[in-house]
Amino acid sequence: MAQTMTQMQSSFAGQSVTRLSVRPRQSAQIARRSTPRAAITLPNPPFELDALEGQGLSKATMEVHWGKHHRTYVDNLNKQIEGKPLADKSLEEIIQATWNNGSPSAEFNNAAQTWNHTFYWESIGPNGGGPPTGAIAQAIDNDLGGYEEFKKSFTQAGATQFGSGWAWLVLDGGKLKVTKTPNAENPLHHGQTPLLTMDVWEHAYYIDVQNRRPDQVNIKSSGRRKLDRCAAWRSLANESQKRLIEAPDWASEKRQAHAIMMAHIPPTVPLPKSFSWVESI
Amino acid sequence: MAYSLPKLPYDYSALEPHIDATTMQIHHSKHHQTYVTNVNNAVQKFPELNGLGMEDLNSAVGTSKIPAEIATAVRNSGGGHYNHSFFWKVMGAPGGNNGPSAELKSAIDSSFGSLDELKAKFNAAAAARFGSGWAWLTSQDGKLAISSTPNQDNPQQALAETKGVPLLGLDVWEHAYYLKARLLLSHEPPQVSQSCETSQPFCRDVSQLMIMSL
Ligand SMILES: [Fe+2]
Ligand SMILES: [Fe+2]
């Protein structure tokens, strides 16, 4: 089950980079050489759009959420940064620059939402769910009082983020924390490293569960236990778990892998086979 | 005396085809009811707030009249109750009446140039609200203004950037249009998205319903 760095990287981007087999360090050099950077692109989710139907997340939601919401954030960001110095920066640099110490400029919402959604697709998956194992489980025991307590506070964070926003599991100063952010804000510009997220904008769950937001996050009685059933602990598994504990800069490696992935996706990402916007509804 | 969910002044299906009956039913009986329940839960611990009307409660949001312990709950759920109660009242069945009165029409013309200009500005304010919120037409000291607020804030609250008496309020939370938007969009190529852009057909439709009711 050991997951190599290369596989991890692939899973960030979905099908479009599964053949990318360069080591992170080499690709970092390639990324540096290839300026100006290509436009920010829409990565495919690392699973088919109907893959989570059995886990409470419908294909219709995925099609609108990824195919329209996420895509629009990407398209609008590219329009906003075209021809500006921001266009030469990585997505994370754009987020940091446009956050502007809490007085965000116009590009911030689209940049952060582009990042947040990519990260959300990585946070859920058809092979996800169940209690985590290994080092991440140990860290949850140590810092958050165990998996059951973690689920309670993560669900609480998602349910009480009034309006639109996100619930997060983050690494903050070497410790795990559960947090929530409004609208497009994310943990990066608060100096934290995101590990897992849940989208609690109404568009993320309204087709599936309407006003019952806790069902989006986690509720046992509902049968739609997203966190229990979808949390992609395996993307945090094995090798990465060891890094989480042993190497404080594991998180920055994950971020670097992200940046590399972003720099290498061709501008037009093909739609996955299951995408059938008009026919499906 | 607890706040209660007002009856709609029309049937859930009355605003079809602009707002579908399912959306109206969930919006009124679930979302609005939750705000009523939560604001009651918050204020019942403080007898000094007992008997305060919805408008006075909202005017107190952002002042020390609301105890810190329940400030957020009153702002959010008191705001939600006020906003939704207002929203139901300013909409009406299509073709239900003849538009603004002569007096209001002349105020609109002098503030915005024309009713069409007002609509364009109002819809733009709604579309520009990122995340959840409301678009408003308000009157203050005889002047009309268009603004928007985040979440369940409103122009009545002391913390509002643009204060005034609301004349129109448009809910641009995704719950206000998401089921309908999905139906609408199924007939369109995937080009519009994001809360505000998805809501534009809704904004146009609904502001029409509201402006006819002025
Ligand atoms: Fe989303
Ligand atoms: Fe609403």
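Glycine is no exception: its Cβ is also placed from the backbone N, Cα and C atoms.
Automatic prediction, not curation, is the source of TrEMBL annotations.
The following features are taken from TrEMBL:
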type    : residues                             : note
BINDING : B:His27, B:His84, B:Asp171, B:His175 : Mn(2+) binding site
DOMAIN  : B:3-91                               : domain 'Manganese/iron superoxide dismutase N-terminal'
DOMAIN  : B:100-180                            : domain 'Manganese/iron superoxide dismutase C-terminal'
Same chain, 6+ residues apart, C-beta under 8 Å of the C-beta of B:His27 (Mn(2+) binding site), given in sequence order:
B:His84, B:Asp171, B:His175, B:Ala176
Taken over the domain 'Manganese/iron superoxide dismutase N-terminal' (B:3-91), the model's mean pLDDT:
93
Chain A neighbours, filtered from binding-site residues B:His84, B:Asp171, B:His175, Cβ-Cβ distance under 8 Å:
B:His175
Can you see whether DSSP assigns B:Asp171 (Mn(2+) binding site) to helix, strand or coil?
strand
With an 8 Å cut-off on Cβ distance to the B:His27, B:His84, B:Asp171, B:His175 Cβ center, who else from the chain surrounds the Mn(2+) site?
B:His28, B:His31, B:His32, B:Phe87, B:Trp173, B:Ala176
If you count other C-beta atoms within 10 angstroms, which of the binding-site residues B:His84, B:His175 is the most crowded?
B:His84
What is the number of residues in the domain 'Manganese/iron superoxide dismutase C-terminal' (B:100-180) that are helix, strand and coil, as DSSP sees it?
31 helix, 23 strand, 27 coil
For B:His27 (Mn(2+) binding site), what is the secondary structure state per DSSP, taken as helix, strand or coil?
helix
Specify the count of other C-beta atoms within 10 Å of the C-beta of B:Asp171 (Mn(2+) binding site).
24
Residues of the domain 'Manganese/iron superoxide dismutase N-terminal' (B:3-91) by DSSP state, where helix covers H, G and I:
55 helix, 0 strand, 34 coil
